[in-house]
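Visitor: Sharing the feature lines straight out of TrEMBL:
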type: ACT_SITE; residues: Cys13; note: active site, nucleophile
type: ACT_SITE; residues: Arg19; note: active site
type: DOMAIN; residues: 7-144; note: domain 'Phosphotyrosine protein phosphatase I'
Amino acid sequence: MAEQVPKSVLFVCLGNICRSPIAEAVFRKLVTDQKLSDHWRIDSAVTSMYEIGNPPDYRGQSCMEKHGIPMNHTARKVTKEEFATFDYILCMDESNLRDLNRKSNQIKNCKAKIDLLGSYDPQNQLIIEAPIMGMSLTLRLFTSSV
């Protein structure tokens, strides 16, 4: 019997202190609750330089605590290697998507499927707004399945 290769997903937003670490934490909880942790590699990153090295925003941390979802992350920039090693790179808005597609065009062996995370929303809310500007959509999308 062939060994199953884990799937991998990288969540990406502009600052990696709000949307993408929330997505990472919630997805990790869903995978853990379904006892599928061995089948997934999960992480999050940033397209900009603004927040590198910072922890998640306190409002997102507070919300995750209320829902019993662990969140431990430090903002970091997406690397060139991740375009070749992740199966999925899911981002939060069109600006992130443009940045990621532009960067992926510079990678010879890009295997990642780059898409908007919102394209998987059953309520068809394509863009996930930054929680700093309005947390409701991000939290609804991620906590509705928890």
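Cβ atoms are placed via backbone N, Cα and C, with glycine included.
Those TrEMBL annotations? Automatic predictions, nothing curated.
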Visitor: In the domain 'Phosphotyrosine protein phosphatase I' (7-144), how many residues does DSSP put in helix, strand and coil?
Guide: 56 helix, 23 strand, 59 coil
Visitor: May I ask for the distance between Cys13 (active site, nucleophile) and the residue listed as 'active site', taken between their Cα atoms and rounded to an integer number of Å?
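Guide: Given the Cα positions, Cys13 (active site, nucleophile) is 6 Å from the residue listed as 'active site'.
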Visitor: Taking only the residues in the domain 'Phosphotyrosine protein phosphatase I' (7-144), give me the average pLDDT of this model.
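Guide: It averages 90.
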Visitor: Among all protein chains shown, how many Cβ atoms are found within 10 Å of the Cβ of Arg19 (active site), not counting that one?
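Guide: Result for Arg19 (active site): 32 other Cβ atoms within 10 Å.
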